[in-house]
Amino acid sequence: MKIIIITGQTATGKTSLAVKFARKFKGELVNCDSRQIYKYIDVITGKDKRLLKTRKIWLIDLIKPDQYFSSFDYKESALRVVKDILTRRKTPIIVGGTYLYLKHLLYGVETENIPPDRLLRRKLANKKVENLQEILRILDVPSLNRLSHSEINNPQRLIRKIEIIKFRAKRQHIEPPRFDIALQKPKNENIIILPDYLRLNSINFKIIGLKFKNNDDLKKAIEQRVEKRLEQGAIEEVKNLLTIGFKSTDPGLKTIGYQQLINFLEGRISKEEAIKQWITKEVQYAKRQYAFMKKDPHISWREV
């Protein structure tokens, strides 16, 4: 029994490698990209529509762009999918660069038993980042101060922090995660029992991380990717999403690429500036990806 995980920096060819492993090991792909869980946002997120016609990829096109989807939601969904794949004696191949999703799935977190508060999320969904920061400051200054620069400007991370603090305020004691449960196969039964998260010592894992040799290669690859996305109709896709009624404040459209093109389409910046900002944001994101992932000792790195 094995689970293969392919992660790493954006634009490194993770999906292509995952497909090769799927053919070799009779595997099924499980998406671990926080942008590809959204329906309708296809071009900028790099969904391979030709591949999707020939091969099933789990956890793609799950929700609409105006819906919220946390790492807790991902973990719950991924566990069910992995269990199903293992039960059918296939190899789950988890592919994507959203390390927060992967970390939550593999190791769990201290907030494991704190479920999403849907009502609270709806109330906070349309608030500006500054308003969310102020709410968190009122509730718990230390929690706000512990956030990184990217987290403190991420509405979804701020909402989750507020959610956790409010939950803990209602309960003085929270039961710890069920760390004692191991992945196991009962005797004489074709059933796979999964724990609350996937523990590395409970199953045969192989985690591969893809990274660029240097920053010059990184920037060149992202420039080429952005150019390709524009040729594939990125601007038209954003126009269609806005026409349908989705907004720049919707979770799915807060991703890199969409924000810059929305600013262009709404006249705040030029097309050239939008493309420049898009490339810069993607490069910064890729650097942050590696900064977080390189701390994980279980990842075997390959340069591309």
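Cβ coordinates are placed from backbone N, Cα and C, and glycine is handled just like the others.
What TrEMBL lists as ATP binding site is G8, Q9, T10, A11, T12, G13, K14, T15. If you look up TrEMBL, you'll see T10, A11, T12, G13, K14, T15 marked as substrate binding site. Taken from TrEMBL, the feature region 'Interaction with substrate tRNA' covers 33-36, 156-160. Marked as site 'Interaction with substrate tRNA' by TrEMBL: T98, R121.
Here the features listed in TrEMBL are painted onto the structure.
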{"residue": "G8", "record": "ATP binding site", "DSSP (3 states)": "strand"}
{"residue": "G13", "record": "ATP binding site", "DSSP (3 states)": "coil"}
{"residue": "T98", "record": "site 'Interaction with substrate tRNA'", "DSSP (3 states)": "coil"}
{"residue": "R121", "record": "site 'Interaction with substrate tRNA'", "DSSP (3 states)": "helix"}
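Taken together, the residues of the region 'Interaction with substrate tRNA' (156-160) have an average pLDDT of 88. Distance between Cα atoms for R121 (site 'Interaction with substrate tRNA') and Q9 (ATP binding site): 30 Å, as a whole number. Cβ neighbour count for T98 (site 'Interaction with substrate tRNA'): 19 (other Cβ atoms within 10 Å of its Cβ, all protein chains included). Taking CA atoms as the reference points, G13 (ATP binding site) and T98 (site 'Interaction with substrate tRNA') are 14 Å apart. DSSP labels the residues of the region 'Interaction with substrate tRNA' (156-160) in these numbers: 5 helix, 0 strand, 0 coil. Rounded to a whole number, the C-alpha distance linking T10 (ATP binding site) with T98 (site 'Interaction with substrate tRNA') is 9 angstrom. The recorded positions considered are K14, R121; of these, R121 has the fewest other C-beta atoms within 10 angstroms of its C-beta. G8 (ATP binding site) sits 9 Å from T98 (site 'Interaction with substrate tRNA'), taking the Cα positions as reference.
Cβ environment of A11 (ATP binding site): L218, A221, I222, R225, E282, A286 lie under 8 Å away, each six or more residues apart in the same chain. Rounded to a whole number, the C-alpha distance linking T15 (ATP binding site) with T98 (site 'Interaction with substrate tRNA') is 13 angstrom. Across the structure, Q9 (ATP binding site) and T98 (site 'Interaction with substrate tRNA') place their CA atoms 9 angstrom apart.
Cβ-based neighbour count (10 Å, all protein chains) for G8 (ATP binding site) stands at 28.
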